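Asker: If you look up TrEMBL, you'll see 11-205 marked as domain 'Succinylglutamate desuccinylase/Aspartoacylase catalytic'. For H21, E24, H116, the entry in TrEMBL reads Zn(2+) binding site. Among the features that TrEMBL reports, N-acetyl-L-aspartate binding site is placed at R63, E178, Y288. The feature substrate binding site is assigned by TrEMBL to N70, R71, Y164, A165, T166, T167, R168. Annotated active site, proton donor/acceptor per TrEMBL: E178, in sequence order. Here TrEMBL flags 219-300 as domain 'AstE/AspA barrel-sandwich hybrid'.
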Amino acid sequence: SSSSALAEPPVRRVGIFGGTHGNELSGVLLVRHWQENGAEIQRPGMEVKPFLTNPRAVEKCTRYIDCDLNRVFDPDSLGRPVVEDIPYEVRRAQEINHIFGPKGSDDAYDLIFDLHNTTSNMGGTLILENSRDDFTIQMVHYIKKALAPELCPALLIEHPSLKYATTRSVAKHPVGVEVGPQPQGVARADILDKMRKIVKHGLDFVQLFNEGKEFPPCTIEVFKIMEKVDYPRNKNDEIIAIIHPKLQDQDWQPLNNGDPLFLTLDGKVIPYQGNCTVYPTFINEAAYYEKKQAFVKTEKIKLNAKHLRSSVSNQSTS
């Protein structure tokens, strides 16, 4: 019965972020388009705000100016005194936190979709930060169903020691939209369209939820981050092996003990050694060379969400 449903407050304020990384063009182009003409993202009963998060990096078509904006939403950075030599992205993070946050407070935006591109063959992926957020799990379930039979993998980046401190984490419900493969500084119509559809279905879900639709308990399959794996390096810390051709573009596919992983420039195969099947993603992501990351290992798990409904039935009394 609906009395046993989890009643959550309606989601009234939604941000759509593009250009968190200035060279990931699908989000940049969509947000700029929606700032000019936002008809397709507006929904009754909610304020949807398209926002260019790192305008200086967008202007230069580079990932960032001083440091990665998507890693500085931690308490230290957000609370750092603004002095002359503060990195641009740290100052910008404080501005974003002021507009859309403060992070962790009741005043923060309800939901943020943060639009990203990857050079990896990840398709249209949703990124979750919290395995216990029923609202977001229900939304992912809805988007997956709406896009079927096209796959929409979900990546859970909750981890005891890997801390991301993402731009979208200022919202009560942060959702990353990661679509690839697309080179940096390039726009592809198929990739942009995939991103646009994900956002549309996400906003449709919010509208249905606000209007009082109940969502029965559901289960989704997600890929949970286990660890980051670096390229083999020599004593000077230089890369000496690259992603093996059999692993390239195989994001979300099972990787088993003995499967080829890296290929040295001498032609030697370095196999995967592990006692369990893992599912690699962000394989050969261009932006992660500087982060010393060849791919991310994930495991498949299931997440459950409770029966969900809005705590306010939306009587149209405007």
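Note: Cβ is positioned from N, Cα and C throughout, glycine not excepted.
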Asker: To the nearest Å, how far is the Cα of H21 (Zn(2+) binding site) from the Cα of Y164 (substrate binding site)?
Answerer: 15
Asker: I'd like to know which of the binding-site residues E24, Y164, A165, T166, T167 sit within 10 A of R63 (N-acetyl-L-aspartate binding site) at the Cα level.
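Answerer: Passing the 10 Å Cα cut: E24.
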Asker: How many other Cβ atoms are found within 10 Å of the Cβ atom of T166 (substrate binding site), counting all protein chains shown?
Answerer: 24
Asker: Which residues does Y164 (substrate binding site) neighbour through Cβ under 8 Å, counting only same-chain ones at least six apart?
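Answerer: Long-range Cβ contacts: N70, R71, E129, I157.
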Asker: Taking every protein chain shown into account, which of the binding-site residues N70, T167 has the largest tally of Cβ atoms within 10 Å of its Cβ?
Answerer: T167
Asker: Starting from the N-acetyl-L-aspartate site formed by R63, E178, Y288, give every other residue of that chain whose CB sits within 8 Å of the mean position of their CB atoms, in sequence order.
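Answerer: My list of surrounding residues reads H21, E24, H116, N117, T118, T119, F282, E285, A286, A287.
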Asker: When you put E178 (N-acetyl-L-aspartate binding site) at the centre and draw a 10 Å sphere around its Cα, which of the binding-site residues A165, T166, T167, R168 have their Cα inside it?
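Answerer: Taking A165, T166, T167, R168 one by one, none has a Cα falling within 10 Å of E178 (N-acetyl-L-aspartate binding site).
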Asker: Tell me the Cβ neighbour count for E24 (Zn(2+) binding site), meaning other Cβ atoms within 10 Å of its Cβ, over all protein chains shown.
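Answerer: Neighbour count, Cβ to Cβ under the 10 Å cut-off: 28.
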Asker: Given H116 (Zn(2+) binding site) and R168 (substrate binding site), what distance in Å do their CA atoms have, once rounded to a whole number?
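Answerer: Cα-Cα distance, H116 (Zn(2+) binding site) to R168 (substrate binding site): 11 Å.
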Asker: If you count other CB atoms within 10 A of each CB, which of R63, R168 wins among these binding-site residues?
Answerer: R168
